Amino acid sequence: MGKDAGPEERPKWDNKAQYLLTCIGFAVGIGNVWRFPYLCQIYGGGAFLIPYLIALVFEGLPLLFLELAVGQRLRKGSVGVWKTINPVIGGVGIACLIVSFLVGVFYNTILAWVLWYFFHSFQEPLPWSTCPLNESHYNLECKKSTPVNYFWYRETLNITPDIEISGSVEWGMVICLASAWCIVYICFIKGIDSVGKAVYVTSTFPYLVLTIFLIRALTLPGATDGLLYLFTPDWQTLTNPRVWLDAATQIFFSLSVAFGGLISFSSYNEEKNNCERDAVLVGVINSATSIYASIPIFSILGFKATTAFNACKDENILALTNYFEFSDQNITLQNYDYWYEYLNTTYPEKFQSLSLRECDLQKLLKQSVSGTGLAFIVFTEAVISMPGSQVWAVLFFVMLFSLGLSSMFGNIEGVLAPLNELKLLPRWMPKELISGTSVICLISFLVALLFTLSSGNYWVEVFNGYVGSVPLLIIALFEIIGVIYFRGMKTFSDDIYIMTGRRPNIFWKACWMVISPLLLLVVFVAYVIVQAQTRPTYQAWNPDYEKFPETEEKLYPDWVFAIIILLCVVPVISIPLVALYQLLRVKKKQSFGEWLTTSVTYVLTCSLWKTTTRCKSKSTKTHTAMG
Amino acid sequence: MLEKILLLLSLSLSVAEGLCKPGVGEAYKVRFSIKTALGDQAYPWNKNEMFLFRAALAFAMRDFTNGEEFGVSDIHPCNETQRVSFWFVVTRPKTMDLVDKGTVEMAIKKSRNRINGAFLLTDKTLEFDGIYPTLAAPVSPDTPPWLIVFGVVMGAVSVGIIALLVYPLVQRKLKKNMDADDEDSDEETGVKTAENGANDGIYNSTFSDDERFTQM
């Protein structure tokens, strides 16, 4: 499909490494660092690896291979590819476009938060290590919770106690958001020419930092406690179906399939490229990165728990020493337990009157956090206790930013390529100054200003929980159905034979035709059932809450609930709408009854009986030949 | 002479023992955590250290009251424990009147650093029960440092964006000028050969048309 005067010039990767690094960078994101270790922790440590790897092999890799193969063969972005296979499912591409846009908007807000912390890491002492003073008293909110919590909730977000109270725009956050979008823009300014060069840094740097953290973290006291806690398998959890559901959803979202970005990236490849090997490589590296990242994260969490445990014991030691007037340093951390027992039995009433805090290492290790809580609260607190805090903080936030930036490339590509194919951008725009990239970045930035309000964090949670989940599952399901049943397994095998030199073996075929769609359907249904069981709630930071500093659990108000439903439905509504539109177009000069029979037999023959010749004849009528 | 001094000292001591009662009146409790602060280099607590404490406190009182000649004998400790903690009271010089708690507190607060320094301790390890350390106001620079980092990063990014946008435009302009020169020379040769025959002229104009297409 030629758009320009000359032959269509599709952009190309400079070399294979750029392509692989871009795909790996897209798949490996912040979630590998802050979601996988958390799931490992709450679902019985090493035992979680079993459902995780099973989901990778039977769900993740087939989907990945499918997307890469389809993009490489048909050489179009996500809209063009589905329109080529069959215009009826052209809506899948539009759904990908909308989802990529919505995810890109809130994901870059998280990067703006990372930038904010990065900018603030160049101070001595770190701003989240102490409470601010007003007159001669520490700020009350800060004193009741911790300086780290205060810095995150008050000085960074300036959060309101309720999602309905919008508050005002936070200017510090606006300029961080503008910086984040400018950085995304400059990396994307020349399309994949500049992206291909940017990924040399953004995809490899996180591994360097993770290794540095690994070495550092393993030398910290308490690291082994954290690692033992993480990897000690609790086989009981395998009997809990929730574990399998979470493993399946985690692998799915972690690989960034169904965004359309992977299809675009592989369409810039040469046609004779072994996409089977690429898919396996990307999938395995993604999972390996998750496991590799959890080692330093858990060493550091173990260190943090040990530090808190020792601080608790020190507090008790001081209280005991002062009360019983023992000589200084008579009770140490080493003989603490002995003295504790001795004093408890010898002077029970006096001992009880002291009301010492219970110090329990296991309980401290159990405090599991994921997401922004892990990065901005738990980790920043651990960094304060490490010597050379600024260096570790800077390294950590640059790593998070690189991880997120390379994922953003995939999101932007998932928006840009379909927009170019749909020809939505007016022709009179001069290509350099106002290109699709700058329009998308500007519009996304303006929409993301919503997240810079004081209640912004609650909205990010809403988007994160609902845009990035149900629509993707539906899109992936339709992708498999589209390729296997509309294009046909035989044609697809031929495609792969042309590209890689051999047909897909029985494993891939079994996965695509039966296992993966079944798995996706089960995951989707289970997910919807689990979500529908309870009214969704959120955790609010309310200084006036009686149990402050615990977060208050609040129900989403009705209008927010309506927005949640919209976020789940709007991206995928294009699939049935476009299907209906295409079927109606075929109708033109028929009566309704004739149209009904024609379209029903058309759908049945194409999907169930796989008489692909009949489908192809219909499809060649309604669109121009493949480019 | 010596006997008279000894007599006076013992008299004052015996009187002061009655003055210093733990927990009541104007008495303050103080705790030393020497081993916690200094570890291996901790010095043992003995009468000399106690003398230093009394001297330091006498200095604090002198410094606060601006000249009243407090002496070591005006600081009366009692109830010493092996924690190292004890109570003490302060009396006015040359009399046995107790100095009130408020004055003592302010004197200690004023000279806290000096007293800590004499013992190589800190506010946490030399604790006066009931006197909280005044919190040092954190240093707040005029320009917040984060804005500086932001400025550097955004400056680099903006320069990059402008460079990447302007460079191809500049290149294109240069190319246009170069091609305009080429076209001029082509037109000249075209004019020359047109005199020879119509074909050559047509051939040249087609050639320059092609150039325009490839430019796009």
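Quick reminder: no glycine exception, Cβ is built from N, Cα and C everywhere.
TrEMBL labels come from automatic prediction, so no person has curated them.
Pulled from TrEMBL, these are the features on record:
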type: TRANSMEM; residues: A:19-36; note: transmembrane segment
type: BINDING; residues: A:GLY25, A:ALA27, A:VAL28, A:ASN32, A:SER254, A:ASN286, A:LEU403, A:SER407; note: Na(+) binding site
type: TRANSMEM; residues: A:42-66; note: transmembrane segment
type: TRANSMEM; residues: A:87-119; note: transmembrane segment
type: TRANSMEM; residues: A:171-192; note: transmembrane segment
type: TRANSMEM; residues: A:204-223; note: transmembrane segment
type: TRANSMEM; residues: A:243-263; note: transmembrane segment
type: TRANSMEM; residues: A:390-412; note: transmembrane segment
type: TRANSMEM; residues: A:433-453; note: transmembrane segment
type: TRANSMEM; residues: A:465-486; note: transmembrane segment
type: TRANSMEM; residues: A:506-530; note: transmembrane segment
type: TRANSMEM; residues: A:559-581; note: transmembrane segment
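Counting Cβ pairs under 8 Å to the transmembrane segment (A:243-263), the stretch among A:204-223, A:433-453, A:465-486, A:559-581 with the most such contacts is A:465-486. In the three-state DSSP scheme, A:SER407 (Na(+) binding site) is classed as helix. Taking residue pairs at least 6 apart in sequence, the transmembrane segment (A:19-36) and the transmembrane segment (A:390-412) share three or more C-beta contacts under 8 angstroms.
By the Cβ criterion (under 8 Å, sequence separation of 6 or more), the transmembrane segment (A:433-453) is not in contact with the transmembrane segment (A:19-36), since fewer than 3 such pairs are found.
Within 10 Å of the C-beta of A:ALA27 (Na(+) binding site) we count 27 further C-beta atoms, all protein chains included. In sequence order, A:ILE24, A:PHE26, A:GLY29, A:GLY31, A:SER256, A:THR289, A:SER406 are the residues of the same chain, not among A:GLY25, A:ALA27, A:VAL28, A:ASN32, A:SER254, A:ASN286, A:LEU403, A:SER407, whose CB sits within 8 A of the CB centroid for the Na(+) site. The local packing around A:ASN286 (Na(+) binding site), expressed as other Cβ atoms within 10 Å of its Cβ over all shown chains, amounts to 24. Contacts between the transmembrane segment (A:87-119) and the transmembrane segment (A:204-223): absent, as fewer than 3 C-beta pairs lie under 8 angstroms at sequence separation of six or more. Within the chain carrying the transmembrane segment (A:42-66), a Cβ under 8 angstroms from the stretch's Cβ atoms is held by residues 229-238, 240, 243-244, 246-248, 250-252, 254-255, 257-258, 262, 275-276, 279-280, 282-284, 287, 291, 368, 476, 479-480, 483, 504, 508, 511-512, 515-516, 519-520, 523, all 6 or more beyond its ends. Note on A:VAL28 (Na(+) binding site): other Cβ atoms within 10 Å of its Cβ, all shown chains, come to 28. Sequence-distant neighbours of A:ASN32 (Na(+) binding site): residues of the same chain at least 6 apart with a C-beta under 8 Å from its C-beta are A:SER254, A:ASN286, A:THR289, A:SER290, A:ALA293, A:LEU403. In sequence order, A:VAL199, A:THR202, A:SER203, A:SER406, A:SER407, A:PHE409, A:GLY410 make up the list of same-chain residues 6 or more apart from A:GLY25 (Na(+) binding site) whose Cβ falls under 8 Å from its Cβ. In the structure as shown, the Cβ atom of A:SER407 (Na(+) binding site) sits within 10 Å of 27 other Cβ atoms. Cβ crowding, taken as the number of other Cβ atoms within 10 Å, peaks at A:LEU403 among the binding-site residues A:SER254, A:LEU403.
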